[in-house]
Each structure stands twice: as C-alpha cells, then as structure tokens.
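*Asks:* For reference, Swiss-Prot lists these features for the protein:
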- Asp72: active site, proton acceptor (ACT_SITE)
- Asp141: active site, for ring-opening step (ACT_SITE)
- His143: active site, proton acceptor (ACT_SITE)
- Glu148: active site, for ring-opening step (ACT_SITE)
- Ser151: site 'Part of the allosteric site' (SITE)
- Arg158: site 'Part of the allosteric site' (SITE)
- Lys160: site 'Part of the allosteric site' (SITE)
- Thr161: site 'Part of the allosteric site' (SITE)
- Tyr254: site 'Part of the allosteric site' (SITE)
Amino acid sequence: MRLIPLSTAQQVGKWSANYIVEKINAFAPSADRPFVLGLPTGGTPLATYKALIELHRAGKVSFQHVVTFNMDEYVGIPADHPQSYRTFMYENFFNHIDIKDENINLLNGNATDPQAECARYEAKIKSYGKINLFMGGVGNDGHIAFNEPASSLASRTRMKTLTEDTRLANSRFFDNDINKVPKYALTVGVGTLLDAEELMILATGINKAQAVQVATEGAVNHLWTISCVQLHPKAILVCDDPATMELRVKTLRYFQQIEAQERQQYQD
C-alpha cells in the first residue's frame, strides 16, 4: 500500500486530480479502448473534482473516451432530488467536462427490482473488463461507498441498510433531519472495489484519523471496511495532516521518506 501524506485537503484534491490525469493520459484512451474510472460522492472528493475541472479547462485532459461508474446511490429519492448522487455528480463534475453522457454509469435507486439493477451494474462493469482506477472516500467508521461495518470483503454491488451513524453524518445534507435521510442505498461491493486495477482512497480531517490508522497499522477486519486496502496490490491512501494524527510517528515518517525518495527520483 502507498500512503501519500500531505498537509491540507486542498493538496489532497490537487494531488489526486493530477494522478487521475496522469493515468488517463498515459493510457491514451480511444472510443474502442476507454479508460474506466470509478467515482465517489461526498465532501472529500469535491476538491478533486474542482481540480479536475481546472485541468480539463486548461487543456491538460479530455474525458471524451473516459467511462465512469459511480459508487452508490440512495434508494427511494427521485433522480433529480437535490441530494441524489446523480444530481451531485452532474452539478459538481459532469456538467463541467467533455464526458459523453452515454459513458456515465450511475445506479438507479428507483429501480423496481433493486437486485436486478445491482446485477446489471456488475455486468456493465465486467463488460469493460475492469475499472482502471477507482477513487473513493472513507467514512468516520471506515466505510467505503455504503459498505458499512461488517460488510463482506467479497461483497458485490447490492442494496444495503444504512447505519444510524451514517444517516446522522449525512443528515447535514437533509436539513439536519435524520428522518429525511434514506434508510437504504445501492452500493458497489468491497469485492467490486478490489477488482479495480488501482484503488485510491482519499481521507481528510481529524475525524478520519482512526480509519487511516486502522487501514495502515491494523489488521484486515470486516468491521473496518477501509482495511481492505491491504488486500489490494495497487492501493493508494491520500491523506491530509489531520487524517494522519493517529498514526505512529515511525509509521508516518516511513511513508514521508518513501514519497520524498519518489519525488527525488522523478526530478532526477
């Protein structure tokens, strides 16, 4: 696992955006061979989306031959609801880049048969072979997407019951009223994430520090979904300074030294 310790959330956004652009451009996607990108919602990736939009406007990257799959969607709220993840993605990213609408893949939280919708989504992912890079965030309790604590590390896309902690955390988007937060969501599984060629998790803020510590220094544990990054051959954890506060000094210095050497080698 690679851990990128940075100072601020803004730096996390810029670093992760530049990494995505590097990967897309190195892949040199085409209509017949698109780059497949997994995407999250929430507050953490907003800085990344902002930086990606700026890089696109500067002519540094095109999304014409990029196919996206989003991590999750609430069940039971209209697609055009202000807090649907479809609305979030279009307002904060898709409307500002040159991605083709047919290349955007989002879970349908209003499907009459949620199980069939999840199977369709998995099949669509597999039709592209694999996701080249899946970016995600992490919750205070270590969840990734809506893979809540005790999710199977082999799980696939499915419907999940949201914990009270998750609904309480998300109530800030629903007038601070937990009763307005949906109780269910469709989400890619942990196994779906682990199938990606690369997995990049963003963690910012002191409230993510315990999750970062468990992911980096703890054992693989289904009660902490974030620990699954230890099972991935190409996982990256990009953190700001507050998110590393629970790490041992020796651990943090190790990763700082590794990244300093990487930068020096790149400059040489």
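In case you wondered, yes, glycine gets a Cβ from its N, Cα and C as well.
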*Asks:* Can you name the residues of this chain that are 6 or more positions from Thr161 (site 'Part of the allosteric site') yet have a C-beta less than 8 Å from its C-beta?
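*Replies:* Long-range Cβ contacts: Glu148, Lys183, Tyr184.
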*Asks:* Given the active-site residues Asp72, Asp141, His143, which lie within 10 A of Ser151 (site 'Part of the allosteric site') by CA-CA distance?
*Replies:* His143
*Asks:* Can you tell me which of the active-site residues Asp72, Asp141, His143 is spatially closest to Arg158 (site 'Part of the allosteric site')? Compare CA atoms only.
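*Replies:* Its closest listed neighbour, by Cα, is Asp72.
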*Asks:* Which one is it: of the recorded positions Asp141, His143, Lys160, Tyr254, whose Cα lies the shortest distance from the Cα of Asp72 (active site, proton acceptor)?
*Replies:* Lys160
*Asks:* Compute the C-alpha separation of Lys160 (site 'Part of the allosteric site') from His143 (active site, proton acceptor), stating it in Å without decimals.
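*Replies:* His143 (active site, proton acceptor) has its Cα 12 Å from the Cα of Lys160 (site 'Part of the allosteric site').
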*Asks:* Between the Cα atoms of His143 (active site, proton acceptor) and Tyr254 (site 'Part of the allosteric site'), what distance do you get, rounded to the nearest Å?
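*Replies:* Spelling it out, the Cα of His143 (active site, proton acceptor) and the Cα of Tyr254 (site 'Part of the allosteric site') are 26 Å apart.
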*Asks:* Within a 10 Å radius around the Cβ, which one of these recorded positions has the most neighbouring Cβ atoms: His143, Arg158, Lys160?
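*Replies:* Neighbour-count leader: His143.
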*Asks:* Going by DSSP, give the three-state secondary structure for Tyr254 (site 'Part of the allosteric site').
*Replies:* helix
*Asks:* Within its own chain, what residues at least 6 apart in sequence put their Cβ under 8 Å from the Cβ of Tyr254 (site 'Part of the allosteric site'), listed in sequence order?
*Replies:* none
*Asks:* At a 10 Å cut-off from the C-beta of Glu148 (active site, for ring-opening step), count the other C-beta atoms across all protein chains.
*Replies:* 21
*Asks:* Can you tell which of the active-site residues (Asp72, Asp141) has the fewest other C-beta atoms within 10 angstroms of its C-beta?
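*Replies:* Counting other Cβ atoms within 10 Å of each of the active-site residues Asp72, Asp141 gives the minimum at Asp141.
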